[in-house]
């Protein structure tokens with residue numbers, strides 16, 4: 001009895017010690033890395049976490065690592081979880097930054113509308129979404145009306161929109177997804193239905209795989225996910241490129257938001273400023289397939305009204 | 001470490017006069033076990049309470065009726081007049097898990113018979129570790145293999161897009177195979193040796209012994225394994241979500257897009273804000289899953305009771 005208890009305590013101690021050791025190591029490693037890069041501008045310190053949109057996560061992740069290299073005393077934790085979870089958590093104060101693909105007012109409605117008022121919006125990038133299809137459908141351009149017909153199930157064969165005689169297979173995102181909301185709002189101008197026989201997947205990688213492999217498939221993806229296994233469709237004759245989005249000719253785009261509860265200060269403010277600095281906007285934002293906010297010649301408000309800058 | 005031991009010895013020595021050492025140990029051990037059990041009970045009840053409190057909100061204060069949730073066919077939570085019919089998901093969950101059991105049960109039970117009755121050595125050294133290995137593969141790997149191999153195969157062979165209940169059932173059958181095989185093997189191994197020897201002594205062949213004696217005697221235990229497998233399949237989320245298609249409709253064929261309770265929860269949970277009607281409705285689905293799991297546990301208990309009576 002006693003021996004087993006001792007073994008248990010040893011194990012527990014050992015595990016906790018090992019865990020401590022690991023943390024120390026990783027801290028040291030990041031500190032060492034920091035000393036080699038540029039010296040920190042001013043001594044800022046603090047620890048905070050960001051959670052939410054998986055579409056924005058790679059950018060925040062990369063930027064936070066760079067920021068922590070520059071400022072040794074700042075610890076930033078970045079998690080995913082989805083836009084809704086990010087907004088809930090920042091409103092409740094569980095995390096300091098809530099990442100979201102949509103305006104907080106669109107998610108926090110009705111009883112939660114008060115929560116949205118407390119949140120401060122920081123638009124750090126623009127993400128554009130293109131309709132994509134399997135390569136063999138024989139169509140490379142769709143009008144808004146044709147897209148609406150396809151995504152509401154009125155048109156079920158590619159030959160009706162000028163393509164091959166092939167059944168259309170819809171690959172959708174979940175009804176609550178920010179990407180789907182952007183596509184519905186700005187490409188269709190209407191809500192789409194979850195039709196029988198359609199496929200719904202949450203991960204963009206899975207959507208791309210299914211569209212590339214399923215004959216007659218159509219879906220939509222952020223520009224960062226486009227590659228040559230699928231065909232990006234022109235929208236009303238306009239190609240989905242960063243230039244067309246920035247100039248306002250390609251309308252299917254949305255801001256990536258980083259929400260804070262109240263105005264940020266200290267390290268939090270420094271990090272959000274860093275997100276908007278040329279160092280991130282000019283390199284990481286573009287590398288990861290987003291469009292820098294500073295490039296945009298148009299702005300859009302929560303109601304979707306687009307105005308020239 | 002040594003400090004702990006010294007402290008423990010000190011306490012033991014101090015109390016030696018009126019309190020024997022072994023009694024102290026007994027007390028300490030009992031205290032530790034009681035603490036763990038209490039913690040476990042608190043955790044279980046908190047989980048049930050949390051899911052129930054969130055999951056009942058749509059019915060209690062947000063105007064969704066239980067009948068609509070269980071019997072409704074239309075699921076459109078983000079529409080202007082949201083509808084919360086979860087029958088397609090209930091159908092999908094039952095269809096995929098039953099299909100998985102239909103595929104996996106004969107395989108698992110045959111494997112168990114092979115390992116215990118026919119070639120115990122090969123079974124113990126090769127087959128059993130191999131099957132148990134399947135339990136350690138992460139479900140996202142199963143999902144990806146399903147998406148890359150099974151779905152394209154089904155798409156080529158059958159009409160439809162390949163995603164659907166058939167793909168989900170096949171992926172799940174591999175995932176529940178270890179559960180069914182392990183439980184069946186244990187049951188067959190625990191069969192009293194005298195029974196089989198008696199059968200052989202009467203001149204029965206091995207096949208006669210297996211089919212007329214071994215299987216009927218261990219049937220309740222075999223059923224337990226199958227029910228546990230179904231319960232596991234019912235709760236599996238990620239792998240199924242990747243291959244089933246997730247359209248919220250009851251499909252007309254096995255290779256048409258369908259959805260399960262778990263796949264809808266994992267698809268939408270992160271995109272909804274906590275406290276919203278959509279989010280609470282997802283918790284209601286979780287509550288249905290929890291109740292179903294209770295029912296499965298209940299069935300397993302009933303089967304176990306039958307084993308004891310037999």
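Cβ atoms here come from the backbone N, Cα and C positions, even for glycine.
What TrEMBL says about a protein is an automatic prediction, not a curated fact.
TrEMBL annotations:
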type: DOMAIN; residues: B:90-300; note: domain 'ABC transmembrane type-1'
type: TRANSMEM; residues: B:31-52; note: transmembrane segment
type: TRANSMEM; residues: B:89-114; note: transmembrane segment
type: TRANSMEM; residues: B:126-151; note: transmembrane segment
type: TRANSMEM; residues: B:163-188; note: transmembrane segment
type: TRANSMEM; residues: B:209-231; note: transmembrane segment
type: TRANSMEM; residues: B:281-303; note: transmembrane segment
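The transmembrane segment (B:163-188) makes contact with the transmembrane segment (B:89-114): 3 or more of their CB pairs lie within 8 A, with pairs spaced 6 or more apart in sequence. Between the transmembrane segment (B:281-303) and the transmembrane segment (B:126-151) there are fewer than 3 Cβ pairs closer than 8 Å, counting only residues 6 or more apart in sequence, so the two stretches are not in contact. In this chain, the transmembrane segment (B:89-114) touches the transmembrane segment (B:209-231); three or more CB pairs sit within less than 8 A of each other, excluding pairs fewer than 6 residues apart.
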